[in-house]
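Data first, discussion second: the structure below is written as structure tokens.
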Amino acid sequence: MGYVADTQKIGDKGGCFIGGMKSLVRRKQVDSANSASSRASSSNQLAKALTIPHLITIGVGSTIGAGVYILVGTVAREHSGPALTISFLIAGIAAALSAFCYAELASRCPSAGSAYHYSYICVGEGVAWLIGWALVLEYTIGGSAVARGISPNLAMLFGDPDSLPVFLARHTIPGLNLTVDPCASILVFVVTGLLCVGIKESTMVQGFVTSVNVCVMFFVIIAGGYLGFKSGWPGYELPVGYFPYGVDGMLAGASTVFFAFIGFDSVASTAEEVKNPQRDLPMGIGFALSICCSLYMLVSAVIVGLVPYFAMDPDTPISSAFARHGINWAAYIITIGACTSLCSTLMGSILPQPRILMAMARDGLLPSFFSDVNKRTQVPVKGTVATGLLSGTLAFFMNVEQLSGMVSVGTLLAFTMVAISVLILRYVPPDEVPLPSSFQEAIDSVSLRRSGCSSSSSDIDVESTKIPAVTADDSTPLLAEISVGRPLVEKAAAKLSYLVRQRRKVAGWTIMFTCIGVCIVTSAASIVSLSNPARYALSGFGGLLLLSGLIVLTCIDQDDARHNFGHTGGFTCPFVPLLPIACILINVYLLINLGGATWARVSIWLVIGACIYALYGRTHSSLRSAVYVPATHVDEIYETSAHSLAC
């Protein structure tokens, strides 16, 4: 009947090796009404408290950081010039590709864990572990780096960098060349305590802080627009034109400012706490990204119009632009905006990590300590405290600015895997799902029932035997029954049946070769040490794989089982397969261009994670003794189990 026990039971060395390799690709069950109700009976439930305004607050607060107050000057001077606004638009469109993929998966699989959760369902346990481990690194380093940036901005409000009280100011420890930052550590602990109070309460505070930041940006737009009209927009009246560095410079600027859009994925990490995830999650992600893109474009359009791009201050572009027009006091307002944006981003960095840890602990890949949910506040307090202690300690002792590139690796890996998961969902959704061994009695009952039906049908006279219809998901007929004794029709039906059965294999291999083509194309475009003939050859080969994969996936039908995948009625990603493949291409290109030093540091972290998985996660996984059954039989098994319990 296709019920397959977990391969961990194999005892010989060769079998153990095969079982260990198969553990990397075992996939967990997608969220459904049955699995959700089963989990609802447990005590580890998060509070269903978030609505669209809360999600927009989390998305905008996590995305708009203080970097925009600096990024405008740096990118305009070095890459885009007055075309900075178009760079932000292109980067926003690129981020929207990932947002579309997140929106579909978040509404179909509304559970804590975000990209880790989606990868576990669609790709496998090994990839899911690496994505979850990379996200832990992202949020830890990201939170610490943000916290270290708050104290200098706070000091500027009081006049100079040395104006903070002694217990908050930075100090250098003699002999160790170590600069400690008590202010950063205290802020991390305050945010951690706030997140432990409750998701709704912490979101309300984040909403207030984010509102202040947005008001500062509106001040920049309105006041700067007035100054621009008054002065005649000197930044646009240049002999070099709107594209001083050409289209290539504008695109290079888009690659740089793309990272200003990172943060909207925090919305997906709160999916389990949303009241109506099928409606609210896609809208929350979409509105948050649209607001951020609009604010970025308006601020950049104003600032590059006030000051010629080559005269911008790369460190304080907005404050210096107002100062050139005689409004020096605006620097205080800009600094308030930078402080509030950093505080909001700090909350957005610490919020998702306990939920990632909780999802991994629920699956047995981490100790159950992280999966405990406080009964009163309904948040993972233990995981939040552990996250806060780690981030606060790093923020106190370490200058993590040189590690900030590692944050981007985790985000881009997650974006890439989410896009791949959408392709898998559409073309090769899992046809077998794991159930706990506690369902063995119900599984045996269903197996016996179906075996009985099968054996009874075998008593039919051979002359009236029919060739069974071939189905895409074991339930939807694709061919009419054809009587034996009509050789030509039977032969054509058998051939077509074979082709239909092979469609999933063709789609799976096509997705894999498409990803390989993306890696080859982006590598050839990024490695400058390659000779031109080698670069052209690799680009041609990779481009052929990529284009062929796109054509094949466009021509073949998507799997009918996708309609029953997870929760239905939510958002559906448009332009599949073009949109996910474009998303993969952009993210892999940015990943390769992060630099060798960043990848060397990340590789060390991933190797540590692989060791932890091999020593603990693989052997403690909740799927180690699971029984795999056809996806089309799951509902019947759940009903049989519920009936037996009722009796």
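Every residue, even glycine, has its Cβ placed from backbone N, Cα and C.
What you see is a predicted model, and the numbers here were worked out from it, not measured in a lab.
According to TrEMBL, the feature transmembrane segment maps to 49-72, 84-103, 115-136, 208-229, 283-309, 329-351, 379-400, 406-428, 506-530, 536-556, 568-592, 598-616 (among others). Annotation source TrEMBL lists domain 'Cationic amino acid transporter C-terminal' at 571-621.
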For the domain 'Cationic amino acid transporter C-terminal' (571-621), the number of residues DSSP places in helix, strand and coil: 40 helix, 0 strand, 11 coil
Chain residues outside the transmembrane segment (84-103) and at least six past its termini with a C-beta under 8 angstroms from it: 72, 75-76, 114, 250-251, 253-258, 260-262, 264-265, 267-268, 281-282, 285-286, 289, 292-293, 296-297, 300-301, 304, 309, 415, 418-419, 421-422, 571, 573-574, 579-580, 582-583, 586-587
Model confidence over the domain 'Cationic amino acid transporter C-terminal' (571-621) (mean pLDDT, whole number): 92
Selection from 49-72, 283-309, 406-428, 536-556, the stretch that has most Cβ pairs under 8 A to the transmembrane segment (568-592): 406-428
When counting Cβ pairs under 8 Å to the transmembrane segment (329-351), the leader among 283-309, 379-400, 406-428, 506-530, 598-616: 379-400
Contact call for the transmembrane segment (536-556) against the transmembrane segment (506-530), three or more Cβ pairs under 8 Å: yes
Other parts of the chain folded back onto the transmembrane segment (283-309), taken as Cβ under 8 Å at six or more residues beyond its ends: 52, 54-56, 58-60, 63-64, 68, 72-73, 76-77, 80-82, 84-85, 87-89, 92, 95-96, 99, 102-103, 106, 214, 217, 220-221, 224-225, 227-228, 231, 233-236, 238, 244, 257, 260-261, 264, 267-268, 274, 317-318, 320-322, 324-325
Chain residues in Cβ proximity to the transmembrane segment (506-530) (below 8 Å; excluding those fewer than six residues from its ends, i.e. six or more beyond): 420, 423-424, 427-428, 538-539, 541-550, 552-553, 556, 559, 581, 584-585, 588-589, 592-593
Cβ contacts the transmembrane segment (598-616)/the transmembrane segment (49-72), at least three under 8 Å, sequence gap 6 or more: no
Result, the transmembrane segment (115-136) in contact with the transmembrane segment (406-428) (3+ CB pairs under 8 Å): yes
Same-chain residues at least 6 beyond the ends of the transmembrane segment (49-72) whose Cβ lies under 8 Å from its Cβ atoms: 84, 146, 149, 153, 198-200, 203, 206-207, 209-210, 213-214, 217, 256-257, 259-264, 266-267, 270, 273-276, 280-281, 283-285, 287-289, 291-292, 295-296, 299-300, 303-304, 312, 314-318, 334, 337-339, 341-342, 344-345, 347-349, 351, 378
